[in-house]
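Annotated in Swiss-Prot:
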type     : residues : note
ACT_SITE : E346     : active site, proton donor
ACT_SITE : H377     : active site
ACT_SITE : K505     : active site
Amino acid sequence: MLFCDDSKKYLKEQNINLKNEFDKDDKRVEKFSLKHQNIYFDYSKNLINNYILKSLLESAEKSSLKDKIKQMFNGAKINSTEHRAVLHTALRDLSSTPLIVDGQDIRQEVTKEKQRVKELVEKVVSGRWRGFSGKKITDIVNIGIGGSDLGPKMVVRALQPYHCTDLKVHFVSNVDADSLLQALHVVDPETTLFIIASKSFSTEETLLNSISAREWLLDHYEDEKAVANHFVAISSKLDKVKEFGIDLEHCYKMWDWVGGRYSLWSSIGMSIAFAIGYDNFEKLLAGAYSVDKYFKETEFSKNIPVIMALLASYYSCTYNSQSQALLPYDERLCYFVDYLQQADMESNGKSVNIAGGTVNYQTGVVLWGGVGTNGQHAFHQLLHQGNIFIPVDFIAIATSHHNYDNHQQALLANCFAQSQALMFGQSYDMVYNELLKSGLNETQAKKLAAHKVIPGNRPSTTILLDELSPYSLGALIALYEHKIFVQGVLWDINSYDQWGVELGKKLGKNILKAMNDDSSDEYQNLDDSTRQLIAKVKNK
């Protein structure tokens, strides 16, 4: 693998000291920052210099990244294990140029489906869609899991100031009944519309929650016909949708060339449109499309997703980083980390290359984090004084939607202070002298100083948005989507399958059978540990 082999040979030997780099180059921020419209990307606090950046960019060229980008946007089946194109970008493409996949112009299909979703949203919002008893819909319950939940839920929360339809949107994902009950406790069966989001219409969690929601509805109405007024589906399995009782006119498409974790731009984003209105949903798509064009057309040295991917891959291959912290300093982005965990870790958590060979380098990392300033009082201690190498992405919003300017200034000051503290830290001498000034004697100061040293020289990137709007959020999400794609290219892995989740599903079905029948083959084939766990549950 060229990228990791090249980087490991010499880049760490540069021994970058961030304080020294800033001291000797007053143009460093200008050199190592980029802008796309209203998004400012400052990567000057990373362990790089001109030589390292040049080397990373050369590795990107060697990986045939330009060709891979063209292949993805043109509909080549880059998801090689499932023989599928990867075209979530087509869902937000505003051009009219035909895009042929398997003999069909998918642009026309996408346009038709968008219109269908728009009509449904407008029908429900206007009150023309009514519940079985004739009442107007007031609540939307989205039942889905993974990409059918994390993306829409994140966007609906992030864009709460743009909610404009008077519809309350709820999300149910976990097979734990508590997830469903939390929603059912606050909605009225006569004014609730359920969205079942499942391509196969057989995902265990989604199907079980949907069946229970259907039973809840029919307990109230006692009439099967009510289902058609209170359920719509997003699925490719029309027979199963019809059997459930949903009018096929209200079944919306999911295509094989859209992966679940990249599907919020599709009909899966219906719940978003119900919350913020279809016009704002289109602005979300437009923001992502602006990044798609920028990503395709911009040279690598000025291309934010490429630089993001190069930095992350550089730290993984050169510093053996196994973790990346994502710290959004905005409460509206409280679900952003959860969303990106799936997008990143399910995409790049692979240990074989595209040809099927075992890789001998590190690929995907653990992505984690949380909103500021909460994290400062929870896990930032590890970032500053722990002995684990953890690169950090800070996300900040320059202006807020509220009028509490003093809160916003404090929030931003804390964000910028954290990145500065990671970079500079505080030395033993600095701490020792401060302790003496505070009144401690020399013995006391020496004893305490070592505990207060913060090493610094820890890399971080700051992404600053002018505002958090549908357009800018769409752009931000797309930046990370393309970063994930570029990393997959650099590591020569398939970022668009997820075989690792299938075994657990299969075994889960077997264990469920075993729990209900200890004479079954499934039970007989269990290991002793699992049998004991089942026995403990049954004996309660």
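Glycine residues also receive a Cβ, built from the backbone N, Cα and C atoms like all the rest.
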Cα-to-Cα gap, H377 (active site) vs K505 (active site), nearest whole Å:
37
Any idea what DSSP makes of H377 (active site), helix, strand or coil?
helix
Round to a whole number and give the Cα-to-Cα distance in Å for the pair K505 (active site) and E346 (active site, proton donor).
15
Cβ neighbour count (within 10 Å, all chains shown) around K505 (active site):
11
State the count of C-beta atoms found within 10 angstroms of the C-beta of E346 (active site, proton donor), not counting that atom itself.
22
Over all shown protein chains, what is the count of other CB atoms within 10 A of the CB belonging to H377 (active site)?
9
